[in-house]
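A.B. asks: Copied straight from TrEMBL:
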type	residues	note
TRANSMEM	41-62	transmembrane segment
TRANSMEM	68-85	transmembrane segment
COMPBIAS	111-126	compositional bias 'Polar residues'
REGION	111-133	region 'Disordered'
TRANSMEM	172-190	transmembrane segment
DOMAIN	185-632	domain 'TRAP C4-dicarboxylate transport system permease DctM subunit'
TRANSMEM	197-214	transmembrane segment
TRANSMEM	336-359	transmembrane segment
TRANSMEM	365-389	transmembrane segment
TRANSMEM	439-457	transmembrane segment
TRANSMEM	487-506	transmembrane segment
TRANSMEM	527-547	transmembrane segment
TRANSMEM	553-580	transmembrane segment
TRANSMEM	592-611	transmembrane segment
TRANSMEM	617-638	transmembrane segment
REGION	718-740	region 'Disordered'
């Protein structure tokens, strides 16, 4: 076994430091500060201790109950945000400026500019983190750290609140000190969320807070009017109630997300990322589309390590972009492919994204069942990506020669153990084990195999063996907690929104508005459902542009979910529908952080990269509508028998193929607009999954192929020349090629 097989592709990847800087800049959920070595060590030790506390809770839970555990978890984790995150409003909203700032460091070959790697502080390629001479926490930051710990731990400290049980007994009649502490924590949660995600989510929280406080002033005849709550009542709901700060979102973060994050850190420390990329290259080496296929497969595998679409896209691009460029992929196509492959990991079993754990908790189902719901949509998503890659490889005339000596079997023999821990999660979940226990066992197995690999590769070097083992154990556990810091602040802030909606009934009000809006367009029940789903998809996507995926799902579920369910959509289909559109915000213009980060790697135009990402991810934009339009569509998320799921999956596969052909402009060869329009019609009709619509869809698809064969009977010869901006094509025969 080896952490990194020797048969790695001869790529010229970006140095890891530059990759880390890119991830830190564009990923919404990673620390931004560059700490001094001593302070970094201190934070690492605290994170390591917290991770041991979390692991202990899995097998030996605290006797005082789950809320007691959540209070201590928040008390240790939330203060770290003020150490690891800067206080400034440094997140830019202009995505072009964001990409340009980092792209300066990357030259046209995909490597870091030599001046940058030399460390010259005057170079344009230096990131903001390196330009800041004073990046350590200020006195104000340390005051916030102390206040955060005090207000979080206050309910469980006997010499302040009288102890945990005494504090709970005061529910509904808090003391002045209780209210003051809760009010301060409210402000601290908002500030922590602002530092980690920007202003939008805290503003959302403030709007809901004001709505809760001033609801009595809304005219009774207006939708959403309510009796209103005073400040004491609001603080009571947030601070001393299971629906506030310590509600389902934080429970999921402290029970599930943190453990899966630690597991991902173990995979990363033991070399899983390198193994997955090397294996993907070796499996597809005989195909001219091998670089693109490698991106898709590696994105799926790497997602189990990073858990973030943006981080996956950047890590993957650092290794594969030089190969993609050499093969002839334009910068924008490559960036879009990286972004779409990155978010695919969030949509795919066996880990999915953080919101998947919240789905399980909200619907009171097992996490394994949520994984089952995601199987067919995942297959359809990757079918669409692979078809788009094949189409592009033919249109671009990819020229790829695999490196000599790159063989799958030797690579697999050296790193097969990385699949064992993943398999343990799947097997244990299928046996009915709780996911937090399954992932702990997988983590222990991953650490065990990592130790074995270290010992075998360093025989005769006892000092380096011990140092490497400690790096895996300590590094993985401390990194896992660091990575969950922003998720914790987001989930605590989401509790403000959930509490407000629960106490005021706002969710039902907004659902009624959505349905009435659809009814104003049509009185037909089927049309009302279709319009409501479209409105909901647009609303979730727009919300996702402003806030992280986890917060977007939580807010959308409590607002949009009731509308879908009231119209007869199964809960599972409604949840997966919202989950998909929340995730897709990472490739949706005008923000599309995964696409922005990918364009920084490739140096491509940002907006063009976003649209390319949409092209690759187009099945994910349309297939979720099929979940909700018809009962047959719900079979795609396992809401029906096995035969129904297989049948609807096959029909949807034809729809995805039609989508890929229409979006890519290629069937057997380059397709014109008549065929492409017919393909789009076929895809839409097939995804409705009704007998008549399927007949129309298959007829349109067959007609598209016939028209294509008749119009394109004479093949065109194309030659591709590679320039800095990508391939350009010259056509010797036939009509001019259609652009994408």
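Each residue's number is its place along the chain shown, starting with 1.
Here the Cβ of each residue, glycine as well, is placed from N, Cα and C on the backbone.
Note that the structure is predicted; figures quoted are calculated from it, not measured.
Distances, neighbours, how buried they are, the whole picture for these features please.
C.D. replies: Long-range contacts of the transmembrane segment (41-62) within the same chain, counting only residues at least 6 positions beyond its ends with a Cβ under 8 Å from a Cβ of the stretch, are 35, 68-69, 72-73, 76-77, 80, 83-84, 254-255, 258-259, 262, 436-437, 440, 474, 477-482.
Within the chain carrying the transmembrane segment (68-85), a Cβ under 8 angstroms from the stretch's Cβ atoms is held by residues 31-33, 35, 39, 43, 46-47, 49-50, 53-54, 57, 61-62, 137, 141-142, 144-146, 148-149, 152-153, 155-156, 164, 188-189, 191-192, 195-196, 245-246, 250-251, 254, 481-482, 484-486, 488-489, 492, all 6 or more beyond its ends.
The predicted model assigns the domain 'TRAP C4-dicarboxylate transport system permease DctM subunit' (185-632) a mean pLDDT of 86.
Packing against the transmembrane segment (365-389) from elsewhere in the chain are residues 256, 289, 292-293, 295-296, 300, 337, 340-341, 344, 347-350, 352, 356-357, 359, 429-430, 432, 435, 572, 576, 580, 615-620, 623-624, 627, 636-638, 645, 648-649, 652-653, 656-657, 659-661, 663-664: each is 6 or more residues past its ends and has a CB under 8 Å from a CB in it.
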A.B. asks: Short question: most Cβ pairs under 8 Å with the transmembrane segment (617-638), which of 197-214, 336-359, 439-457, 527-547, 553-580?
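C.D. replies: That would be 553-580.
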A.B. asks: Mind checking which residues of the chain, 6+ beyond the ends of the transmembrane segment (527-547), have their Cβ under 8 Å from one of its Cβ atoms?
C.D. replies: 197, 200-201, 204, 490, 514-515, 517-519, 521, 555-556, 559-560, 563-564, 567-569, 577-578, 581-586, 588, 590-591, 624-625, 628-629
A.B. asks: Counting Cβ pairs under 8 Å that are 6 or more apart in sequence, does the total for the transmembrane segment (487-506) and the transmembrane segment (553-580) reach three or more?
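C.D. replies: Yes, since the transmembrane segment (487-506) and the transmembrane segment (553-580) share at least 3 Cβ pairs closer than 8 Å, they count as touching.
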